[in-house]
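Worksheet: the structure to be examined is printed underneath.
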Amino acid sequence: MSERKPSLRAGGSAQSRFQVDVVTEGSSATAPAPEESKGRFKVVGFMDPGLGPNADIGLPPDVFHEPDTTKSDSVSLHSTGTGQTHVSDSHSNTYYMRTFGHNTIDAVPNIEFYRQTAAPFGEKLTRPSLSELHDELDKEPFEDGLVNSEEPSAAEEAAALMAKEAKGGAVKFGWMKGVLVRCMLNIWGVMLFIRMSWIVGQAGIGLTIAIILMATLVTTITGLSTSAIATNGFVRGGGAYYLISRSLGPEFGGSIGLIFAFANAVAVAMYVVGFAETVVVMLSDVDALMTDELNDIRIVGTLTVILLLGISVAGMEWEAKAQIVLLVILLAAIANYFLGTFIPVDNKEPKGFFGYHTAILFENFGPDFREEETFFSVFAIFFPAATGILAGANISGDLADPQSAIPKGTLLAILITGLTYVAVALSTGSCIVRDATGDHNDTVSDTVNCTDAACSLGYDFSICKEGGCQFGLMNDFQVMSMVSYFGPLITAGIFSATLSSALASLVSAPKVFQALCKDNIYPGLGIFAKGYGKNNEPLRGYVLTFCIGLAFILIGELNIIAPIISNFFLASYALINFSVFHASLANSPDRSGVLTPCFSTGWRPSFKYYNMWVSLAGAVLCCIVMFVINWWAALVTLLIILALYIYVGYTKPDVNWGSSTQALIYNQALTHCLNLSSVEDHVKNFRPQCLVLAGYPNSRPALLQLVHSFTKNVSLMVCGHVRTVSRWPNFKDLSQDYVRCRRWLIKKRIKAFYSPVFADNLRHGAQLLLQAVGLGRLKPNTLVMGFKNNWSDGNMRDVENYINTIHDAFDLQFGVVILRLMDGLDISHIPGQDELLSPGEKPPKESKDVLISVGPAKDSDSDSCPSKTHSNQSSPLIIRATESKNPLSLTDQRLLESSQMFKKKQGKGTIDVWWLFDDGGLTLLIPYLLTNRSKWGDCRIRVFIGGKINRIDHDRRAMATLLSRFRIDFSDINVLGDINVKPKKHNKLSFKELIEPYRLKEDDMEQEAAERLKAQEPWRITDNELELYKAKTSRQIRLNELLKEHSSSAKLIVVSMPLARKGTVSSALYMCWLETLSKDLPPLLLVRGNHQSVLTFYS
């Protein structure tokens, strides 16, 4: 491979900066590759300029390039087997180009590396991982296609499929056809033609414009918020649901997505019924009713919704063409009205139309509320006409560039339609009087009593004050049709407005619902996630929307549900506004109220014309408008959203969208941690913060469940896992193990952190955890371990590490808690424990993934220290094994049963606390915390203390006084006056047999040999040591006898753990003390605090 530096072409013409050489695998002529190419990749060098017609792009003569503007600059080559070589841009292929003149597989920055799914014109590109660049050369690289152990989700695979189908010619709309047209058609509803004149008559021109501006203010703020969210990254299909869910998380998104899709489905029925009512009125005028008015509305509505379904199913292209046709009709109708206002006709004057006159303008400028109408009731009638601003965003997946189209189209549509409504209000209020009789004979006869604007124009409509008039702004809903140049065109405009809105809703509902179902927020709805055709059309969603719409058309009672639907839309607007506020708030404002530079790195919208406080005001305004429109409908809407929010929050869907909620929680947690660090510890706020050495979480469930019982929602719990490996595993294995363990903890609802470390042995790993785990005040202060049940059968060096771990904890001022169950704790060796598997990793029926502690055998530390690995590879969490048909042994059955003993309610019984030595109160605090839990609520605390025969009553009263001052309930206090009685002879013999294999027996060997053996095996028990601690040994034997006598039926025993002076008591003797004290008893906790008070009776 050439090592020459790149040269420029003599002619001065531009040459590609990156050149490639074709590398023939297996060729003996190829020079040795540099180090980095020895693994997965081959490194290629620069070509000499002028080597062929393709030299401009660095290609040899037999290589052709497939142009693709979206592909990476990081070009590589691979053979096609046809004599030619293709240029490929996937780093997973064999060849790489040189970067910046160096032989390296490092890739230059490329947009394709940041895509979450497949690229539009090819498979997803991935940059070389850190492990591929950094790991040792003989290490196995990651599998192709996965980066940092990320496995594509179902949603990502679906999106990748969509991207591939896009190459087949999927229809994508620009900002005008996709957003502007749809939004204008939705906002220009039937309200424009049949209610706008009535609103002007009631509220007057001035208040009508105020109503329009208020509604436009709400929609404009929402439009700005929508634009901000839409430009904060790539937008996929799902409209309002996608925007809200990716900003606020699945709880809010899932809640609003469901009701928003339902609201659009029912809106189809509302618009179709409005169209059908107009048709039936026309049929009634010519006496052409088919049956009666109600059934005719149902018949026309059914036929209409079937026609609209056909247009929708035909595809988005046909639906867009239909929308264009309807827009042309609607624009013609609006122009037709304004044209008619400039052409006064004498026969229209009796009906109240006189053309533009200042007298009419002044008369209609003020309000004239009638029939108990108020400003807010009129506003409630008008506001639904201003909705529809999300019509473009709802088809975000069908837009060519949603980030540009949504802001531009939505805001321009709000401006155009707002100006149109104001123009119509000014026009109708300036040329039409409020009341008219329609009678040509009602001319002015008495100018004294006639003071209305019509009087100055020659007509006297004063009789209308008594009621009964059918014309004018207040009485004739079809007045715009009368004013227009060509009346039937207004009717066509009404048809266009209703049908376009119905068609937009019929398209929006399935699109939103499909996106919701793809995310699997609500289990069981996945059937509607499937798309068909090049545009991934949700045909099943169309059918569901059609059925919902048809059902409400046939019911016909839309007046009751209409306010709820309007409130559903408003709730969506409120949450969109709140999303922007929440995401901006995650930037952590400082005390001056000015946002500090982007602490929430995910919130970087390119649309800058928004403000977090304006968005918050918009959210509040939306909520106010909800109650103004209909207070009971607003309450129903909020209750439905709350119920869905609680459901989604309870089910906790397995999604992670990087919501602003996560960013805000992080900022708050960080702030609180820092605030805690500035406050000194106080005994009243003490809580046992536990570091639990449990290995893999599901290997010792009883240990975790018991600790979780007294730490849940009260204090910190960290599952420490010491993994002893001879070689550091790669990041992929580490991350997969971590995810599986976290998944198990979440599934079991154990509120704990998982913290693995790699070390040479248990003691070294525990030292790392004891010193490093925690953050500020959120730092463990109590070490919890399992008892080594089979310690005597294993390597005594493991026992030495185990005991030294306890000593290290005491050195660091930790409290120590050791749990012993009669049957043991470790269940990892039992086949079938596959609970750390994700659903996609479940084994087939004919085989089983067995969770095991990897090692040569089940050694002596199986119940105390984490799983060990002695292979060169990282510890495999799941091992594939043939399913065993052999039943479990009786021992394993008992072990499995006891592993779940703390998961169930304990029932009535006692927790016996043997508070023999004052350790600061931890021995008493843990049982108290347990009895505050529902699982242990029926248990009562019995306290056992040591004492003298002649002071039993005194000691009992003293302890009762102390417990009452601590405000700890107890059922009984037992003073053990016979605690110093000598133990039984056979128990002493048993202890002697227990220690026999571990004695040094220095009297039977030379002093030098004894010292050498003691140095090699420091756990050996010397004769001098036995004699020195003879009394303490007898006490452990005697205590075990008393425990069996008094607490054999207890639900749990908590006993003060004996201390061994470091450097004086050997590990074997200390282990024998613990074994003797705790053997053959119910579940037992050995507890020793750090001798700092954890209880106080001061307020």
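Indices start at 1 and increase along the chain as displayed.
Just so it is clear, glycine is given a Cβ too, placed from its N, Cα and C backbone atoms.
Please treat TrEMBL annotations as automatic predictions, because they have not gone through curation.
Positions annotated as compositional bias 'Polar residues' by TrEMBL: 72-89 (among others).
The compositional bias 'Polar residues' annotation in TrEMBL covers 863-876 (among others).
The domain 'Amino acid permease N-terminal' annotation in TrEMBL covers 89-140.
Taken from TrEMBL, the feature domain 'Amino acid permease/ SLC12A' applies to 178-691.
Under the heading domain 'SLC12A transporter C-terminal', TrEMBL lists 700-1099.
According to TrEMBL, the feature region 'Disordered' maps to 1-37 (among others).
TrEMBL lists 65-89 (among others) with the feature region 'Disordered'.
Annotation comment: TrEMBL describes 855-876 (among others) as region 'Disordered'.
Summarising the annotation, TrEMBL assigns transmembrane segment to 179-199 (among others).
Under the heading transmembrane segment, TrEMBL lists 205-235 (among others).
Summarising the annotation, TrEMBL assigns transmembrane segment to 256-276 (among others). Residues of the same chain lying 6 or more positions beyond the ends of the transmembrane segment (256-276) and with a Cβ under 8 Å from any Cβ of it are 189-190, 238-241, 244-245, 296-298, 300-301, 304-305, 308, 394, 494-495, 498-499, 501-502, 505-506, 508-510, 512-513, 515-516, 521-522, 544-545, 548-553, 556, 558, 561-562, 565, 568-569, 571-572, 575, 637, 640-641, 644.
Annotation source TrEMBL lists transmembrane segment at 296-315 (among others).
If one looks beyond the transmembrane segment (324-345) by at least 6 residues along the same chain, the residues whose Cβ comes under 8 Å of a Cβ in the stretch are 177, 181, 184-185, 188, 192-193, 353-356, 420, 423-424, 427, 431, 480, 483-486, 489-490, 492-497, 499-500, 503. What TrEMBL lists as transmembrane segment is 324-345 (among others).
Annotation source TrEMBL lists transmembrane segment at 375-397 (among others). Same-chain neighbours of the transmembrane segment (375-397): 162, 173, 178-180, 182-183, 185-187, 189, 191-192, 195, 199, 202-203, 207, 211-212, 214-216, 218-219, 222-223, 226, 230, 235-240, 242-243, 264, 316, 367, 369, 405-406, 409-410, 413-414, 417, 421, 501, 504, 507-508, 511-512, 515, 536, 566, 569-570, 572-573, 625, 628-630, counting only residues six or more beyond its ends whose CB sits under 8 Å from a CB of the stretch.
Within the same chain, residues 175-176, 178-180, 182-184, 187-188, 192, 196-197, 199-200, 205, 208-209, 212-213, 216, 219-220, 223-224, 226-227, 334, 337-338, 341, 385-386, 389-390, 392-393, 473, 479-480, 483 sit at least 6 positions outside the transmembrane segment (409-428) and bring their C-beta atoms closer than 8 Å to a C-beta of that stretch. As annotated by TrEMBL, transmembrane segment applies to 409-428 (among others).
Under 8 Å from some Cβ of the transmembrane segment (485-509) lie the Cβ atoms of residues 182, 185-186, 188-190, 192-194, 239, 261-262, 264-265, 267-268, 271-272, 274-275, 278, 282, 304-305, 308-309, 311-312, 316, 319, 322-323, 326-327, 329-330, 332-334, 336-337, 339-340, 343, 388, 390-391, 394-395, 478, 541-542, 545-546, 549, all in the same chain and six or more residues away from its ends. Look at TrEMBL and you will find 485-509 (among others) tagged as transmembrane segment.
Within the chain carrying the transmembrane segment (296-315), a Cβ under 8 angstroms from the stretch's Cβ atoms is held by residues 171, 268-269, 272-273, 275-277, 279-280, 283, 289-290, 322, 499, 502-503, 506-507, 510, 533, 535, 537, 539, 542-543, 546, 549-550, 553-554, 556, all 6 or more beyond its ends.
Among the listed stretches 179-199, 205-235, 568-588, the one sharing the most Cβ pairs under 8 Å with the transmembrane segment (609-627) is 568-588.
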